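*Asks:* Dropping the structure in here first, questions after.
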């Protein structure tokens, strides 16, 4: 790995380690307190629907943080905006721990989400700023693994904290971790030199931000590759949303077997980005996209024909799509971030925003009153397969994807 932007206190690996730790510390906020919802419901004397608004508010406003802070950092620089987002997250985590009501908790969760959304965008943008193409490939692979590790570990950690010190301890830990993240962010030097930043000010900032998004969406390769990556991620979030219904209700497995299947899917998802590194040594980017389409098609066929035959057959259908998504995401970001310096933040924002919106819609569709959630997963995989195939055939098979191919080793 090689840094193309100098870091006074950090080398290529320690710089990446700081970014990964910041990301994984904050990503725990997504669902770490999920095991405590029933206890919180009793303490606040509210319905489950009202308490679930704290989660909905988080994911909805996270998208706002994702879309806004990239363009802002294109003008102000990455470092100070990253530090600000971590500080906001720390303050709001402490506020969540001290919340006297669901309304106050929801308000602080909104602040948490805005800060976290900014971190998602900025960590991605700083990787694009700081590394050459080969380094970006490795860094993006590791970053995609943390995206899976965080939400997988969080519920288990939340259960432990809840059992020993109550639900407020979950947010206390998040506050402590975010303070550590502030310290890590302060170790990092600026990755976007002042001469590479946008120079507009005042009302022109919004106009330039929208103009940057318009420019990016006007690039067929950017638009279609961002959509390809996002569509590939939809089945994974549909699985997360329906896993308990499928495994515990439909297959009536034990909690132990449920945990084993869930852990197995998570393990495949964590390993999948490394498959991209291996494939990229032997195949061009277009060929890797074909592999992703074929894997999603395999998942659809297995799920549609045999998915209801048992929990481990269901798992067998999940393996190809987990590989497909895990390969597509780092490949896409390696290419999507190859933009002029003043557009890297906007590119990170827009790509992460599209991914967040489409995967969130996937969870809504997956839980929308299906009588058979195995069928729901099969349908979503089928739609994702068709969309990925169409995006590849219409544009991506002829697109210039050379950015990733330059790094063959």
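Any Cβ shown, glycine's included, is placed from N, Cα and C.
As annotated in TrEMBL:
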TRANSMEM  12-29  transmembrane segment
DOMAIN    15-401  domain 'Major facilitator superfamily (MFS) profile'
TRANSMEM  49-69  transmembrane segment
TRANSMEM  81-107  transmembrane segment
TRANSMEM  113-131  transmembrane segment
TRANSMEM  138-163  transmembrane segment
TRANSMEM  169-188  transmembrane segment
TRANSMEM  225-248  transmembrane segment
TRANSMEM  260-279  transmembrane segment
TRANSMEM  288-306  transmembrane segment
TRANSMEM  312-337  transmembrane segment
TRANSMEM  349-368  transmembrane segment
TRANSMEM  374-394  transmembrane segment
*Asks:* What residues elsewhere in the chain lie close to the transmembrane segment (349-368), defined as a C-beta under 8 angstroms and at least 6 residues from its ends?
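*Replies:* Those are 59, 62-63, 66-71, 120-121, 124, 213, 216-217, 226-227, 229-231, 233-242, 329, 332-333, 336, 376-377, 380, in sequence order.
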*Asks:* How about the transmembrane segment (169-188) with the transmembrane segment (260-279) - do they touch, taking at least 3 C-beta pairs under 8 Å (6 or more apart in sequence) as contact?
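*Replies:* Judged by the Cβ rule, the two regions do not touch, with the required three close pairs absent.
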*Asks:* Can you give the mean pLDDT for the domain 'Major facilitator superfamily (MFS) profile' (15-401), rounded to a whole number?
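*Replies:* It averages 89.
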*Asks:* For the transmembrane segment (260-279), could you work out the same-chain residues 6 or more beyond its ends whose Cβ comes under 8 Å from its Cβ atoms?
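*Replies:* Contacts of the transmembrane segment (260-279) (Cβ under 8 Å, skipping residues fewer than 6 from its ends): 137-138, 140-142, 144-145, 148-149, 152, 236, 239, 243, 247, 253, 288, 291, 311-312, 314-315, 318-319, 322-323, 325-327, 329-331.
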*Asks:* Residues sitting near the transmembrane segment (49-69): Cβ under 8 Å, six or more positions beyond its termini, same chain?
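*Replies:* Apart from its flanks, the transmembrane segment (49-69) reaches 29-31, 34, 37, 40-41, 81, 85, 102, 105-106, 109-110, 112-118, 120-122, 209, 345, 349-350, 352-353, 356-357, 360.
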